[in-house]
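A short worksheet on the structure shown next.
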Amino acid sequence: MDLNFFKLCSGLKFLGYFMIVLVAAIIAASYYAVVVITWGPQLLQGAFKSFLSFTIIAVFHVLLILLLWCYFMVVFCDPGSVPENWKPVVEEGTSMPLSDFAVPENLASTLSSSDGMERIPAVGYCSHCENGKPPRCHHCSVCQRCVLKMDHHCVWVVNCVGARNYKFFLLFLLYTFLETTMVTLVLLPSFIKFFQEAKNHNTSPGNLAITFLAFVLNLAFSLSLLCFVIMHASLLSSNTTSIEVYEKKKAVRWKYDFGQKNNFEQVFGTSKALWFFPLFSKEDLENIPALHGLDFPTHADVEA
C-alpha cells in the first residue's frame, strides 16, 4: 500500500492544538508571576513603587490584549483560499477570463509575443485541489489546500500564514516579542534573588518555581522571537515570502519589490491609524489588490 505523505502532514494539526494550550499556559504563568506575585503587591506601598508597579502592570495588560487580539485573528482568519474554478483575468480594454492558461504545472510555460507586446505569465495548476494557482500561491500539505501568497504553515496558530493574515501574524510576532522582553526585564530582580530566597525559605516554593519558570521561558522566547522579527522585517521590506527566498536569490531583480514603502503598504495598508492593529480600512481593501492575494503588481521589465 502506497503511503500518502501529504495526508501524514495533516497530522501536524494536532500538534498545533497542543501549541495553543502551551501558549495559554505560558501566558497564565507569566501573568501570575508578574501581576500576582511580583508587582501587584507593590501597588499599595505608596510613592514611586506604586507608580512604577501601576505603569508596569498597565503596559503588561495593553501588550497582552494586543498580543491575544492578533493571535486569535491569525488563528481564525482565512489566510486566503483560491476561488473555485479560478482563472486569470487580463485587461485589454475589457476584462476577459483566460481559461486557456489554466494548465497543469508540468505544461505551464511563459507565453510571449514576437512583436514586443507585454508577455502573459503562465498560470500554475494544483493537481491536489484540481484548480488553477494564482501567482505566489502554494499548496499546503498540512491544511490540504492552496493558500494565496503562502508564507508558511505555523503550528503555533494551527493555520497557514498567507495574504490575508500576514499582517496579523507580523503584529503577533512584534507584540509577543515586546511582551516576553518586558516580562524578562521586570522579573529579572526576582530571578536574581531566586537562589537566596530559596535558601532562606522566604517565599513559598510554588511562587518561586512559577517565577523562575516564567523568567526562563520568556527569556528563551524573547531571544528566539528577535530572530524571527528581524527575518520577517527583511522579507517585508523586499516583498518576499519565506517560500520565495530561494527564487529571489536566483533573480537579478525581484519582480515584486517596489521599494520599502510600497512593499509595507501591500501588507499593512495605507491607513496609518490601523498599522498597529489587526484591521484593514475599507479603502485599503478596495484599492490594494495585494491584500486579497490574487493580484500583485510586477515590474514590466522583469520576467514574471
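Placement of Cβ uses the backbone N, Cα and C atoms for every residue, glycine included.
Residues or ranges marked as transmembrane segment in TrEMBL: 12-39, 51-77, 168-188, 208-231. According to TrEMBL, the feature domain 'Palmitoyltransferase DHHC' maps to 125-248.
Counting only same-chain residues 6+ beyond the ends of the transmembrane segment (208-231), those with a CB under 8 A from a CB of the stretch are 26, 29-30, 32-34, 37-38, 173-174, 176-177, 180-181, 183-184, 187-188, 190-191, 194, 197-198.
For the domain 'Palmitoyltransferase DHHC' (125-248), the number of residues in each DSSP class (helix H, G, I; strand E, B; coil) is 71 helix, 17 strand, 36 coil. The average pLDDT computed for the domain 'Palmitoyltransferase DHHC' (125-248) is 90.
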